[in-house]
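Taken from Swiss-Prot, the feature domain 'ATP-grasp' covers 133-342. Among the features that Swiss-Prot reports, ATP binding site is placed at 169-224. The Mg(2+) 1 binding site annotation in Swiss-Prot covers Asp295, Glu309 and rests on sequence analysis. What Swiss-Prot records for Glu309, Asn311 is Mg(2+) 2 binding site.
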Amino acid sequence: MEKLRVGLVFGGCSGEHEVSITSAKAVCGALQTAPNPDKYEVIPFYIHKNGCWQAGEVANQVLEMGKPQDQAEEGSRWHFPEAAASIDVWFPILHGPNGEDGTIQGLLQLMQVPYVGSGVLGSAAGMDKIAMKTVFAAAGLPQVKYESVTREQVWSDPCVFKQVCDRIDETIGYPNFVKPANLGSSVGISKVRSRLELEAALDSAASFDRRIVVEAGVVAREVECAVLGNGRPRASVVGEISFDSDFYDYETKYTEGRASLQIPAPLPADITEKIQEMAINAFIAVDAAGLSRVDFFYVESTGEVLINEINTLPGFTSTSMYPMLWSVSGVDFPKLVDRLIQLAVEYHAPAD
């Protein structure tokens, strides 16, 4: 049987460039673990921080070293690697803006070649927290109270900014969390306990994104569920995250030992089933495909399960929950990567 040529795309222009490299290195290792080498040939494509694409020796060196390369010459930005023409299926491992927001998905869609993960709509809805919450509300999925804010409201007029803060005081209260709407890995998030902190947090978030979401704080356990599939997705076991910091921030996520993970989570059976059902419903609501990780708050005092967010292109690092959840569910890493590629081929197959 002829091997499928898998284009592994990683790096990118976002602040999660290094995380992308780490994830891609893990995926590449899984594709080189039996029986996958008999089925796939991996062709890595590295996107520099300035947007230049490179394949071949440079991309292989980045994977081998696990760290970014010096920026390519600006003149090479518009020269797409010739190796792209021979790819049978793309595997984008790009996190943050331009990677999981529908941008790269649109490019791959234009190539008319299958690719792993959600399409343009699912990726965009899963990236923008305001759009995501709007979809969740329409699907009847319970979530914490929130307010949306724009950069213009924060920076353009002091009177408008005061009105925004007054509204948040009244509808959300404290503590709350201020988040850029379109960044992942907890980049740019602030926990806010007072009006003064709110003003500073909004100003900070506006420097990251033109759209901002403010969410009510809640005393709850943080749990996650992985989803795998296309039209008939299935949910993994549920995992729980515990940490000593104020919230699950970037450093805690990607530093081993900073967070405690328990898989499966010690939850009542009915709560576990509810989380799994809600995870699948969220996956369908945003029109996701292939894979997603869905995060929840479990309010133990009331028995409520509140959806937090969906991540349509979760990490594949050694501390990433998505592959760990599936491993405990009986799908090891090489088998998971193999399944994701097969799902991509199935999803993009021409309709009969």
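Note that Cβ sites are derived from N, Cα and C of the backbone, with glycine treated the same way.
Counting neighbouring Cβ atoms within 10 Å of each of the binding-site residues (Leu183, Val218), the lowest count belongs to Val218.
In the three-state DSSP classification, Asp169 (ATP binding site) falls within a helix.
Counting every protein chain shown, the number of other Cβ atoms lying within 10 Å of the Cβ of Ser190 (ATP binding site) is 21. According to DSSP, Asn311 (Mg(2+) 2 binding site) is assigned to a strand segment.
Among the binding-site residues Glu197, Ser204, Asp295, the ones whose Cα sits within 10 Å of the Cα of Asn311 (Mg(2+) 2 binding site) are Asp295. Taking every protein chain shown into account, Asn176, Asn311 are the binding-site residues, and of these the Cβ with the most other Cβ atoms within 10 Å belongs to Asn176.
If you take the C-beta of Glu197 (ATP binding site) and look for same-chain residues 6 or more apart in sequence within under 8 angstroms, you find Ser190.
A coil conformation is recorded for Val218 (ATP binding site) in the three-state DSSP classification, outside any helix or strand. When the binding-site residues Asp169, Asn176, Leu183, Ser204, Arg211 are screened for a C-alpha within 10 angstroms of the C-alpha of Glu309 (Mg(2+) 1 binding site), no residue qualifies.
Less than 8 angstroms from the CB of Asp295 (Mg(2+) 1 binding site) sit Glu222, Val223, Glu224, Ile307, Asn308, Glu309, Ile310, Asn311, each of them six or more residues away in the same chain. According to DSSP, Glu197 (ATP binding site) is assigned to a helical segment. Around Glu309 (Mg(2+) 1 binding site), taking its Cβ as the centre, 20 other Cβ atoms fall within 10 Å, counting all chains. In sequence order, Val178, Gly188, Ser190 are the residues of the chain that are 6 or more apart from Ser204 (ATP binding site) and have a CB within less than 8 Å of its CB. If you take every residue in the domain 'ATP-grasp' (133-342) and average the pLDDT, you get 93.
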